[in-house]
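According to Swiss-Prot, the features are:
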- 1-27: signal peptide (SIGNAL)
- Cys37-Cys56: disulfide bond (DISULFID)
- Cys40-Cys63: disulfide bond (DISULFID)
- Cys44-Cys65: disulfide bond (DISULFID)
- Cys74-Cys120: disulfide bond (DISULFID)
- Cys85-Cys105: disulfide bond (DISULFID)
- Cys90-Cys114: disulfide bond (DISULFID)
- Cys94-Cys116: disulfide bond (DISULFID)
Amino acid sequence: MERTSTSLLFLLSLLIIFASAVNQIRAQTCDENLSSCENCDQRCKAKHGPSSVSKCNGPDGTCGCASFKPAKLCIGATDMCTDKCPTSCCDRQCAIKYKNGKGGCVDYAGYRMCICEYTC
């Protein structure tokens, strides 16, 4: 029974780590060239929403449009928490592994896991 629990915990940890790695590579900013500067701001906002920012690049006369997506909170994991790696160590590991990562030890199925929250 304990072997099954350990295997299940290992697979769950791998799934969390994989999902968090996929979320890390998603961009939060979209920059697009909308050709000529004519009605630049209007076209930018129509295509990417009211919070988008437009800029006419003078020398080449092209309209640049940047849209920003709000930061999303994601959850990941690093390793098990132990006496040698308590909550402060877990928090440090999360900060190293994930951008703006913060972590803490959480009891799950009889194990103390280091769980991280980070913006993605």
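Just so you know, the numbers here start at 1 and follow the chain as drawn.
Keep in mind that glycine also has a Cβ here, set from the backbone N, Cα and C atoms.
On the structure: features taken from Swiss-Prot.
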residue: Cys40; record: disulfide bond; CB count, 10 Å: 20
residue: Cys44; record: disulfide bond; CB count, 10 Å: 22
residue: Cys65; record: disulfide bond; CB count, 10 Å: 21
residue: Cys74; record: disulfide bond; CB count, 10 Å: 21
residue: Cys90; record: disulfide bond; CB count, 10 Å: 26
residue: Cys94; record: disulfide bond; CB count, 10 Å: 22
residue: Cys105; record: disulfide bond; CB count, 10 Å: 20
residue: Cys114; record: disulfide bond; CB count, 10 Å: 26
residue: Cys116; record: disulfide bond; CB count, 10 Å: 24
residue: Cys120; record: disulfide bond; CB count, 10 Å: 20
Next on the checklist: Radius 10 Å, atoms counted are CB only; among the disulfide-bonded residues Cys37, Cys56, Cys63, Cys85, which position scores highest?
Outcome noted: Cys63
Checklist outcome for this item: disulfide-bonded residues near Cys65 (disulfide bond): from Cys40, Cys56, Cys74, Cys85, Cys94, Cys114, Cα within 10 Å gives Cys40, Cys56
Next on the checklist: Checking your reading of the structure: which of the disulfide-bonded residues Cys37, Cys44, Cys63, Cys90, Cys105 lie inside a 10 Å Cα sphere centred on Cys116 (disulfide bond)?
Outcome noted: Cys90, Cys105
Checklist outcome for this item: Rounding to whole Å, the Cα atoms of Cys56 (disulfide bond) and Cys63 (disulfide bond) are apart by 5
Next on the checklist: I want to verify one value. Collapsing DSSP to three states, which class is Cys63 (disulfide bond)?
Outcome noted: strand
Checklist outcome for this item: Sequence-ordered, the disulfide-bonded residues among Cys63, Cys74, Cys85, Cys94, Cys105, Cys120 whose CA is within 10 A of the CA of Cys37 (disulfide bond) come to Cys63
Checklist outcome for this item: Neighbours of Cys114 (disulfide bond) among disulfide-bonded residues Cys74, Cys85, Cys94, Cys105 (C-alpha cutoff 10 angstroms), in sequence order, are Cys85, Cys94, Cys105
Next on the checklist: For the C-alpha pair, I'd like the distance in angstrom between Cys74 (disulfide bond) and Cys105 (disulfide bond), rounded off.
Outcome noted: 16
